[in-house]
Amino acid sequence: MLRPVSIDDLISDTVPAKKPRFLIKKRTFPQPEEEEASKALSHTVIKRKDNYRNLDEDELYEEQVSNEPDDLLFLARKSADLLKKRQNEDESIVDNYLGKHWSEKKYEEMSTRDWRILSEDFNISSKGGTVEKPLRNWHELKLIPEDLLNIITNDLHYNEPTSIQRSTIPNVINNRDFIGVASTGSGKTLAFLLPILIKLHGIPPLNSITKHDGPLALVLAPTRELAQQIQHEGQSITKLWKRPCNIVSIVGGHSLEEISANLRDGCDILVATPGRLLDCLDSHLLFLKQVNTLVLDEADKMIDFGFEDQLTTILAKTETISNRQTMMFTATFSPTIEKVANGYLKKPSYVTVGGEESKPKIKQIVRYVPDEEEKLKILVKDFLPNYKAPIIIFINYKRTADWLFDKLREARFRATTLHGSKSQEQREHSLSLLRNGKVDILIATDVAGRGIDIPNVSLVVNLQFPKSFDSFVHRVGRTGRAGKTGTALTFLTEEEDHSAMAKLFDYVKKNDFTGENYISKEAMSKYNVDKSSYKPIII
């Protein structure tokens, strides 16, 4: 006979009332790690529950104190493991919500978002093909051999790579052809020299046989001044390097006999202007049998100067070299440049360095001073003593250069001149004096000054306004380079062309990247400039 149903039985067998559907919490299926943590937690609680049954209050307190830290540590470790996995899968919760910057992370912790922010920080953009991630610093990934790294950082004090260096070096080291669009003064010379030297690091030095087969690397530049500047910068590294490395330049102004003597012992890196290089090739002074790296520096200027045919001829002469790697640097990417790139570069990585960094940080000052002696007085009193060397003063005529040189020497300023009447040897000597700090001021005409690449120019002076507006832009561009701030002082007289003045004032207005550009009241009045658009100069 069945026993009567008790009240307790009824209570225990009652099916719990269901919650309304909208109150039921959606079930989520735990990941294996979560199940493991859950089981461990459950096991811990059950074990402790069993242990507590027959303990008095004092024993229970002691058991709690002895077990709780271990349980919490176990749970903390499990939680940390789960969080780390989720962070890796979802580009890091901490990054997205707490804003941990890429510079605070190790390389392997970098997410896609971090690389995007790094590129934005340094104004680097890319398109087409595969592009390697930019360098975060010189030391990471050990891309640069230790001996070269010590020269770059300790001896030459290049503390951080520039934007173009960050993007060029990883791509070139991975044997990609490369196109870099960057302004002059962005540090691109080191950007292509360093990968060349890294490649040479793993190649035996030239011997009595291979030295006759031509250079291992060829750099083409539009002007002799730029070619010599590249040679000078390369030699500043190689003279400190244990590996023998000969850098030779071939430019106009040097006889074929002199060039032949320089090439007698062979050269690892040859820097040349297109026309003079073809002269040497036609005269069989050298061959291009073993060029494994070809650099076109300032390719847009080479096209502008009419070197397109010469350029394509040289490219064709090295086309048969199967392992040739080509780098092209240009400030603009015109259809002509694109045609050359499509014809001679193989699936290149394409990087543009632009944005705020490429905008020249130049404070422009325009003054109307018709009297030459008054210009000199303002220059000597208000400007030259207040700016660090090097300083460049542009003039239009040789006689003005000689007159100004004498006046500055009387005022105890150290200066040198650069103009068309000087020989190539004299020009090189003047530039050497400036670069080595033996003089502070260079007085130059446009013809002589074209293509000169002098770093860290603090002040450019247009003592006489140039005959073309393009020359003015070129002059002013000698300062405010590679992220540094510079000043350009322009003197006007009553003889200036009004259409050129309209261009000048418009240029000064639109290129006020420092917010400090000024035009004097006298200049505005003389050339009928809208006074509401410009601030008067205060000196």
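Cβ coordinates come from backbone N, Cα and C, glycine included.
Annotated range for motif 'DEAD box' in Swiss-Prot, selecting from 113-116, 205-208, 209-212, 297-300: 297-300. The motif 'Q motif' annotation in Swiss-Prot falls on one of the ranges 74-104, 136-166, 229-259, 415-445, namely 136-166.
Of the listed binding-site residues, namely Gly185, Gly187, the sparsest Cβ surroundings within 10 Å are found at Gly187.
Taken residue by residue, the motif 'Q motif' (136-166) breaks down under DSSP into 17 helix, 0 strand, 14 coil.
Note: the motif 'DEAD box' (297-300) comprises 2 helix, 0 strand, 2 coil (DSSP; helix = H, G, I, strand = E, B).
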